[in-house]
């Protein structure tokens, strides 16, 4: 967000509440006034508070006398600092391709608790090096800090780098997205995957005679391979910083090669070993039976403490639990066991969390349900609802402790209930 102003401040200073905008952004303020004016000097603290409430941003003041050129230079500086694209190389062994990332990656702070002092942020290097591949099922949704679209771009001029075998990798003034695949496709008529997902045969013709989408590109080959094999590529993107490349589809017909970055560090995925220790199980003489194991591994026996936990991170979870109790309440006394089972589950969680207001509200809801029972309802329905509502009410503040969460509310022993249990 770019705010262009005359260098003045509002007559009534507003109270900033973070965040100022309902979306993540950077705020750049460009005051079009002389840099040495008292008006701008008085407005700078106000602009800084506005930037602090937004999170990230800067005040860009035109240098020198206010003129068309100085204003142009100010906006050019914003563009150079905020809209610079990332360009680098995607490599895997001797294969490579020039790529760009959209949006460009931002420096990420280190979060090493064992390090002393301030830790400098980690910046992505100019080379994305693939160090291995994993099945999608083994990845298990690790936490990521950013996601970027990977696009192949033409190779810059004078970027030919000879590999140990003597061939040219990543170069050529006349070839886009160059890689060692280029020399292979010219020598042999082998199929390759295009950017549209089609399979074509390289005929050895000059690049000018072919469409851009039919140029040999390692980036396109990697995308097609990961999509077909249902795998991800683990890549090193900086010093002690890793990410994964995978095929992502926004529709049924179109897919893209994406890069998701992990937290900086060698152990950013807790259920993996450190990245510098990852390798193929066949290198360590693993038995063939290991190939049948699927992550996450399930214990052979169900632990005794395993039970359905109550999670109320969102309001929909709490509403669903209350609606379930009410559905059973409207079918009393036939659903008496299910009613008290769900009631005690919510009651136990509310007492454990100290959510006493929920007990009071649920008691009022059951009392209201008791008054709304139709005339054809079983008499035990009103008795059980009144009993549950009275047992749910917590003691008044200062009159006693909360009820024991491990002692459930037992059904009222009516004649109908005794006949059901016999």
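Placement of Cβ uses the backbone N, Cα and C atoms for every residue, glycine included.
Heads up, TrEMBL stuff is auto-annotated, nobody curated it.
What TrEMBL lists as domain 'Integrator complex subunit 14 beta-barrel' is 83-165, 207-265. Sequence annotations record features per position, and here TrEMBL assigns region 'Disordered' to 101-122, 154-198. Residues or ranges marked as compositional bias 'Low complexity' in TrEMBL: 174-185. TrEMBL lists 310-416 with the feature domain 'Integrator complex subunit 14 C-terminal'.
Each residue in the domain 'Integrator complex subunit 14 beta-barrel' (207-265) gets a DSSP state, and the totals come to 18 helix, 24 strand, 17 coil. Computed over the domain 'Integrator complex subunit 14 beta-barrel' (207-265), the whole-number mean pLDDT of the model equals 83.
Remark: secondary structure over the domain 'Integrator complex subunit 14 C-terminal' (310-416) totals 65 helix, 0 strand, 42 coil, with classes taken from DSSP.
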